[in-house]
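Q: Sending over a structure as structure tokens; questions will come in a sec.
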Amino acid sequence: MVKRVAIVGAGVSGLASIKCCLEEGLEPTCFERSCDLGGLWRFTEHVEEGRASLYNSVVSNSSKEMSCYSDFPFPEDYPNFVPNSLFLEYLQLYATQFNLLRCIYFNTKVCSITKRPDFAVSGQWEVVTVCQGKQSSDTFDAVMVCTGFLTNPHLPLDSFPGIQTFKGQYFHSRQYKHPDVFKDKRVLVVGMGNSGTDIAVEASHLAKKVFLSTTGGAWVISRVFDSGYPWDMIFMTRFQNMLRNLLPTPVVSWLISKKMNSWFNHVNYGVAPEDRTQLREPVLNDELPGRIITGKVLIKPSIKEVKENSVVFNNTPKEEPIDVIVFATGYSFAFPFLDESIVKVEDGQASLYKYIFPAHLPKPTLAVIGLIKPLGSMIPTGETQARWVVQVLKGATTLPPPSVMMKEVNERKKNKHSGFGLCYCKALQSDYITYIDDLLTSINAKPDLRAMLLTDPRLALSIFFGPCTPYHFRLTGPGKWEGARKAILTQWDRTVNVTKTRTVQETPSTFETLLKLFSFLALLVAVFFIFL
């Protein structure tokens, strides 16, 4: 019988795991190696070992309605995309609201997690920690690892011939904090993920010249999408997700390409992804095309050679003088406190069932939360994982035999997506809505839209055609939240009200009213045929 649960890390997934354990009568003990909660979202001027690091200007890429905990919306006065300082404040509010701090031991490093001698029977773990030089050991019935994957920088210097001769400065993007370091310098940023693009844009305001080197390109979108709404509230809907999964791949690729190029022509700007047949994680940046068109950022192909004070790019013999190189080349994940046999990692891929449970263990009492890259927000993903894990630990949900789980893991590895950047953890990518629904189905928490269409059609239509906000995940099942329905039906109000800081008189026309009525009727007909 699982009772005591050790949780490693007090970031967004660790906090959710504590709350899920408490709600189901388990006894969580969370070990956080730093002095406070927040993980990635707690900015510090200096990089801390073993903790994710962010730069001072970081703003969330997911909007507040899409990236909140499923039963705890962001405060209404928060902007739609949240700066890191406010994001940390939100996490502190969450921890206070649900009394989570009492379960956290700060400044406590987990040294090792090993199986107890009777693990085959008990499934228990021995957890060794150290706090202020004092080592302790304790036994737990289960472990939830919530350390993320943004702590071990991937810096493949062997891939850049001549880097040892470079006399300028170079560092991984993990070390970046402020743009002052680029003042009056010639800067090269390697890697066109979110961090690399952000850093290149920031550098372009102070540097003499900025180059952004990319191997595979990327779709670049703004946080501000159709009609000024947040991109993910328009893009991440169950209806669109259904179309993306049902339509032929060439059709989906064409539609995505057309949509992505509606802001600017990616080919003309030199950033178009080489492989446009798959839906891949877009790069979120509101400024990049403006910096490119004004000559402040120059897009370049991969590096051919690094020299003492310059760089030669592929497909061009010209040497470009460079003072600073920033390697935004991603991260690798590791669990230094676990034996390699517990979480098996091969070719950058972890053998985790549903990205969570080590598939080979005879007892499913160790889970990894947040080791996934969904095309969606991390908070509701990690929270849903934690809810599912707790139900497994309680015995309310059962897992398949290890052989079946290993088969699914191996199939996933074969069908892995391709990602952005030089080192993107490909095996961690997942379709957000499909993945969440799969976990919710296992714990009987997925909303039944067919039944809801008869009992609450307004809510059903909002869920199917509207943004897939986390509140969907609390309408039913264990952890049901009574405020979920209201949160869904008022989500657009909260989105718009925060930007309406000046009242403008609207004058709707009769034509617009009739058009809306006709559209609504057409929508009802479409829904009727979809759910037949």
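From the backbone N, Cα and C atoms, a Cβ is placed for every residue, glycine too.
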Q: Can you find which of E32, E48, E49 Swiss-Prot lists as binding FAD at the same site as G9, A10, G11, V12, S13, L40, W41, N61, S62?
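A: Same FAD site in Swiss-Prot: E32.
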Q: Find the shortest Cα-Cα separation between T197 (NADP(+) binding site) and the recorded positions G9, L40, N61, K208, and name the residue that gives it.
A: N61
Q: For K208 (site 'Important for substrate binding'), just count the other CB atoms lying within 10 A of its CB, please.
A: 14
Q: Given the binding-site residues S13, S60, N61, S195, T197, which one has the fewest other C-beta atoms within 10 angstroms of its C-beta?
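A: Sparsest of the binding-site residues S13, S60, N61, S195, T197 by Cβ contacts within 10 Å: N61.
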Q: Out of the recorded positions S60, S195, G196, K208, give me the one sitting nearest to S13 (FAD binding site) by CA distance.
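A: Answer for the nearest of the recorded positions: S60.
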Q: How many Å lie between the Cα of D198 (NADP(+) binding site) and the Cα of K208 (site 'Important for substrate binding')?
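A: Between the alpha carbons of D198 (NADP(+) binding site) and K208 (site 'Important for substrate binding') there are 17 Å.
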Q: Going by C-alpha positions, which of the recorded positions (S60, S195, G196, K208) is nearest G11 (FAD binding site)?
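A: Given the candidates S60, S195, G196, K208, the nearest one is S60.
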